[in-house]
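What follows is a short report on a single structure.
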Amino acid sequence: MTSSTTTRDAAPAGDEVRGALPRAARPRVRRTVARAVLVVLLVVAGTFLLDPYRNYLLALVGAYLCATAGLGLLVGRSGQLSLGHAALMAAGGYGYALTAGAAADLPDGLRTVLGLLVAVVVAAVVGLLVGLAGARLHGPYLAGLTLALVMALPAITTTVPGLGGDRGLTVPFQPVPDALDAVIALEQWQAWVVAVVAGVVVTALVLVDAGRTGVRQRAVRDDEVAAALAGVPVGRTKVVAFVLSAAAAGVGGALLCFVTQNVSPGAFTVSLSLLLLVGVVVGGVGRLAGAVVGAVLVVVLPWLVSLLTEALPLGAELARRLDGNLALLLFGVLLVVLTVLAPEGVAGAVSRRRAARRRAARRPGREAP
Amino acid sequence: MSRSAAQQPFTRPRATAVAAVAALALGGLAACSTPEAEAADTPGVTDDTVTIGAHTPLTGPAAAGYSSISAAATAYFEYLNAQGGIHGRSIEYVVKDDSYNPATTSTVVRDLVQNEDVFAIVNGLGTPTHLAVLDYLNKQGVPDLFVASGSASFNQPEAMPWTFGFNTDYVTEGKVLAHYVAEQHPDETYCLLRQDDEFGEDLASGIGHGVELASVQTYAVSDDDVTAQIGAMQAAGCTVNFLATVNGFTAMAIGTAAQMKYPATWATSSSGGDYPTLVGFLGEDLGPVLLEGLVSTNYLPFGASDEWVTLFQQVNDEYNDGAPFTGNTIYGMSVAYTFAEALLRAGEDPTRDSLVAALESGDVTGNGVLPLAFSADDHSAFHGAGITEVHDGVQAYVDGQVLTTDAADGGVEPFDGAAVPLANAGVPTE
């Protein structure tokens, strides 16, 4: 799925080299951070318009966004394919649950922050180990390695004591802080926390991508030999990409645990791994907007499908059967349709149309493609 | 030359903002999140309906074993509604698929409580899945009735006052089973094969009360073979084997032993001893032969001559498209009947409080081989179980073998009462 973009990317990357210069970097950092703060504030304000259930869904979207944003960068920028991001989310989730469980005496806020930090570290370490092996592997072999990781997860959680086996670990409720208790619902508070954390994660990814590391990743993706000749440490660049992506996924898993108070192998299956990847591809590989679309799809599509099956005049039995399966089917159909009609995903199609319109406006008389 | 898509920066201000806003707008800008004063009406109860909900695996690997339960419950509710419902209200049972994934359970249960506005959650299925919503339901004050699990986590009246279990507690079941087997088959060598989770652990601890185990083997649900475990039990010289297994692994264990020409007496809990299901795994030819003499606990009506079973079979034919009739069917319909009875006893105008009060009063008897034991300080359903055995291809209760005990160190006593009889064609009345 990266090959189509790879060939097109062989064009000189003038902008990016200029963008990597430290002199130009500082205002860009400031701009990116300011924009992120604005978006997070917008989301926080938006939670007042939503009922608790939709705020809960919003929080889930935020959690999955961390994973899809990291995965989107990994696939789209460094050209490495991971089918194991659910396992990396699980690493973060377990890290969070174990820390929050052990730090039961600490104040609520501190416990959450500590849990998130441990989640990042655990997921990054797992990501480092996989990345080190992965840097020597190409395409399907890395995909196979990461797939094995997610498939081994249930065995790991039953074998390692303290992880709770199939039942997983439960984290106690993190209530709304007293000062806000009368004003907002629990789900709204959760959405706030997730929005802030996801905002930090995504901003960090964006900054890294726009900086020198990003340039190296693209160079490695496009032509490893050329990159090596240009002095880019190929292996290290790939590992760094994997670790970053894993850390982001780990935060996603920790947020999921924060919102649902539970982490268990059942929540991080092979199918979640595939859904994350499909979400990223459907949304648009290597774009933040694509990652957002992907995260929204992962959360909202099954719910929309259950609304649909309820609305349709189906027999009760058929509706029950369709309830879970139709979402997967729709995902598959969406994937096929989009790869045919819009190989760059939803986000790609939107920006392509916009670019075409701009071109058409600049050169009157010429048809947009 | 136009810049290719992948060369553009990862983020674009407008695209990001639009996507964020779109994420918010999805699902509509319905209500406000601010906590509101409790509405005067009871959620889920109207003049002519009561809406309740459940989470259960309808898809995924666990669906094969469990999806028939909610279908059976739905069929009973349809039958009940056709008879006029409870206090003139018909019951609407909203079943949501969670694929046995705790994260999905959290989502669908919030959907049921916040969007579908259910009166209660009834028969949420599974230990790991239901644990994910236990806190939430109790914080929200939503009656959480008849959890489909025998885990002790669902019997904590003080910490979780809104939650009631339905299965006989696994420890209790293990104690009853071991007590009967030790009496009927004394002076044998006993072994145990158990699932390596809380379910297997609790049963094992109960069984350990009654017999001394020469060998304890474990398996993980992801295993596809138990040859090593059965071999170890054979090597330990075991003649009576306990199985703390689910149906699939009961069949696998008994089938594997047969292949190894290892004869033994087998004893299982209700979760892994359903004869129709086991015959489905082992085949019509071999099943009856291999399962001859199988001892199992059960606490619900069973056997072709039972009047409850006859009724449920009719309901199954009429309202469930004649789906295969197994222990799961009886289980689902029994849960539904028990809810109907609780709703009846909750009064003409039921509230969440009156529903829980009805259960804690002990007036709700259910339809088991012994009456339900709910009280204010005990939210576990049955304090004992009956014993079934398979003879000549028929699984039936052994007369006079209904035993009661507790989940602690208490002794096992015979139950001297009678099974709850069928009345009024299975429609609960005052």
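Here the Cβ of each residue, glycine as well, is placed from N, Cα and C on the backbone.
Annotation source TrEMBL lists transmembrane segment at A:32-50 (among others).
For A:56-76 (among others), the entry in TrEMBL reads transmembrane segment.
The annotation transmembrane segment is assigned in TrEMBL to A:83-104 (among others).
Residues annotated as transmembrane segment in TrEMBL: A:110-134 (among others).
Annotation source TrEMBL lists transmembrane segment at A:141-163 (among others).
Long-range contacts of the transmembrane segment (A:189-208) within the same chain: residues 29, 32-33, 36-37, 39-40, 43-44, 47, 50, 55-56, 58-59, 62-63, 65-66, 69-70, 73, 112, 116, 174, 176-177, 180, 214, 244, 248, 251-252, 255, 258-259, 288, 291, each at least 6 residues beyond the stretch ends and with a Cβ under 8 Å from a Cβ of the stretch. The feature transmembrane segment is assigned by TrEMBL to A:189-208 (among others).
Per TrEMBL, the feature transmembrane segment maps to A:239-261 (among others).
Per TrEMBL, transmembrane segment is recorded for A:267-285 (among others).
Residues or ranges marked as transmembrane segment by TrEMBL: A:292-314 (among others).
As annotated by TrEMBL, transmembrane segment applies to A:326-350 (among others).
Only residues 6 or more beyond the boundaries of the transmembrane segment (A:239-261), in the same chain, are considered here, and those with a CB under 8 A from a CB of the stretch are 56, 59-60, 62-67, 69-71, 73-74, 77-78, 80, 82, 85, 88-97, 100, 112, 115-116, 119-120, 122-124, 126-128, 130-132, 134-135, 170-174, 190, 193-194, 197-198, 201, 205, 208, 213, 217, 267-268. Listed by sequence, the residues of this chain that lie at least six past the ends of the transmembrane segment (A:267-285) yet keep a Cβ under 8 A from its Cβ atoms are 1-2, 5, 64, 67-68, 71-72, 75-76, 81-87, 89-90, 93, 146-147, 150-151, 153, 168, 253, 256, 260, 291-295, 297-298, 328, 331, 334-335, 338-339, 344-349. Among residues of the same chain six or more beyond the transmembrane segment (A:56-76), those with a C-beta under 8 A of the stretch's C-beta atoms are 1-2, 5, 43, 46-47, 50, 82, 85, 88-89, 187, 190-191, 193-195, 197-198, 201-202, 205, 209, 217, 241-242, 244-249, 251-253, 255-256, 259, 276-277, 279-280, 283-288, 290-292, 294-296, 298-300, 303.
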